[in-house]
């Protein structure tokens, strides 16, 4: 862009001056253009996201409930919410469950997705396309439909899984599957949650990896094969280093997405009232909307903790993006 | 030696196809089960010995859903209309607003530029799940101050969807705008084309694919969105979007699995069709930023 | 912030005319809405739907052109529905748990019905304490509808056999329990420890409380002499062998229903609604079943009175018409039909004392109990945490029943209670 011209030192004749000021106006206008262009976006973001983010932090530091919703002033409560959350055993249990469940989802998604990606790369084109279409069905299923169908598959009375398990011999799968309730306790509900989520997210990883694999020149594999390396070695010596940025990105995206799981758990657990099977997002919702009276302040404190965690996890991704930005 | 090699190769092939088949079944079976349940008569659903294939096909569940008997006073068609208004509307607005901002970011150097981009990057990481309480409180107050219905009404959800879509669409479209050679614009400018002509004739055709790619995300996210719609719209069945109507069926008629699966199918089909067309772009779009650099 | 009273003087006069004169003139007092939305709590059942349809019919005699839209709000969802309804999209009439009234009245979600209630002719027959549940700062926000009250179950033939009247005091309770044990060789009285609703009666009877509010702070009362007396009396039922020791750690259903049905325990505490469940187990002796109010130190003990009130929602545009719906639903004529489908008691003193309830042996004790001193638990949202998660009271009784010393147990758990009740709640 043009640098602004310095103020004229020599007084100019009148007509010259008016032309200069016209140029200056044009220049100013041109300088305003980018601001005008981002203005609509800024206004919407400020109103709908930035302000609520600030408000979330603010509410987490004040007593905030129905009265404040109705307009009464909120009172500063000297970090009481944070002190309470951080010393609450229940919160730590939910925190731990969130981490464990999230890790299980991420690891399974990444491993399965990578294996399937490699598999698709090796399959002949027709088989790869058919498999790809199958993956897309799982991927494209709306989250809520996915959650509901898993709820149905594992339904206590008429679910397919219980029916199959009770016809299988007891020495293989144990007995008592008829009317077995999968959704009441964390030990059985969380695995189903993990399967539901992995089912929907591994196709994206597989197809991304496939796209990445196609970009690796075949000669590289030739080279390691001549060295007598097997598939395992070829993966770690060629595929992984070549696709490292892709893996890193997929990993971060998966962590962020799986950390936020709400809908699937909401459907599988039948709401948010069973705190034994809560994860951080449902716990926030429960404190904010499902408890009586609502505790917006405490919910916000946990929301702030969650946001900080997510930002910390995505710091790597953000750093890469911002570095690229600077390199531009 | 040669034979052993061949046997190993064939075995390897068999394994490969077996694995592919297993993955295929794992991916497809739940979708099949939705359809199979939606299409079989009620008697076949409520049995302790379910069969893999429907013994008899029926459309009764679809008829129940479409005729609107499940939620009194609101029909499937109104949910579909609401979903379409909110998704298509918010995606369109988001795309337009993003396009403007993307041009600013890609074509101008201004002092707030990096700050703006950083803000977008950070903001797109903040989970809506964490923001939901303050979104509600904020819209509650805003609605009162402006005397507008933002809660219990599609407008609030609409605005949230636009805002949530903005960061990623701006960043994506920005890449496409930046990829258009500046010389093209300069050549047009020398030929005497105005700013708008340059924008529409030169920039737009080249950026359109990017606009499309970005819109796909916004569309799918909005179409599937549950939490915000659920929080904002619960008291107004007339404003339900498809996902929350499905949740409502699920809560209200929790044992009518046939109808629930039929409704679920109806929710899924549009996204499936959409996906078939845009699958490639989904991948390239999502992984673009970090991989290409 | 409270919603202004809108009731115009004219409307009040009309209301008096309409309600005072009964429904024979066929017109409601308020402006007739096209649709009146009513939120009920819980899940609809066929019986409930039939009852609500009946009420709609009655209401349409007053408002012939008004549709009544009944919506059932699951208990797990009401809080969120209430919150969003505070802006718009709310109902006209809402059923509200009587322990929830303070929260929502105080936050301005409910309409002040003081003037409307003043002119309701049946208002004076409502139990005073139940009506007071809806009173805040001299304004009335709800009217009581029903409550679920527990009473002491026994078998009439067994008591006749041993020559005892049903117990009315703690001393008599022990006496009768001993006599039953001597005669039939069964424990006289089941005392489950996971039963805060029942234990409450003993604490309150001794003049104790679980906790008291002092300014902004809650103070646990478990180790106060009165509360300790009540808790110890209850726990002693187990340690002294009046109750099966198997009742430690379990609730009233698990501890007593089967044993009572099979005549393996003499007495226990539960609501009349338990009759169906017990009959399902064994209805051989059902003709002998009866209830009396829960014995106190020297007369009927206070009882936990959980139930529902009715309110006009703050954003309703037709408060008069809404209040007319409340008086229709909560009429004396509907009290008995509703009791039949829901086993809940009305809050009209005269109805409770009428033959309908008093002649039915299983109902009468609980109905009488419902006219007595009904209490709720400490009015703080943290109470749920105490009752369902920490189980402080249950643990206290359990440890006493296992023979621990009250001087060790109660101060320790009282500390836990006080701390839990004072967690920040944003109220």
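Keep in mind that glycine also has a Cβ here, set from the backbone N, Cα and C atoms.
Because TrEMBL annotations are produced automatically, they should be read as predictions rather than curated entries.
Given the structure is predicted, the values throughout are model-derived calculations rather than measurements.
Of all ranges given (A:130-153, A:154-177), TrEMBL attaches the label transmembrane segment to A:130-153. TrEMBL assigns the feature transmembrane segment to residues A:33-54, out of the candidate ranges A:11-32, A:33-54. Per TrEMBL, the listed range annotated as transmembrane segment is A:296-318 (candidates: A:273-295, A:296-318).
Within the set A:66-89, A:234-257, the record from TrEMBL flags A:234-257 under the feature transmembrane segment.
Listed stretches A:33-54, A:94-118, A:130-153, A:296-318 were compared with the transmembrane segment (A:189-213); the greatest number of C-beta pairs under 8 angstroms is found for A:94-118.
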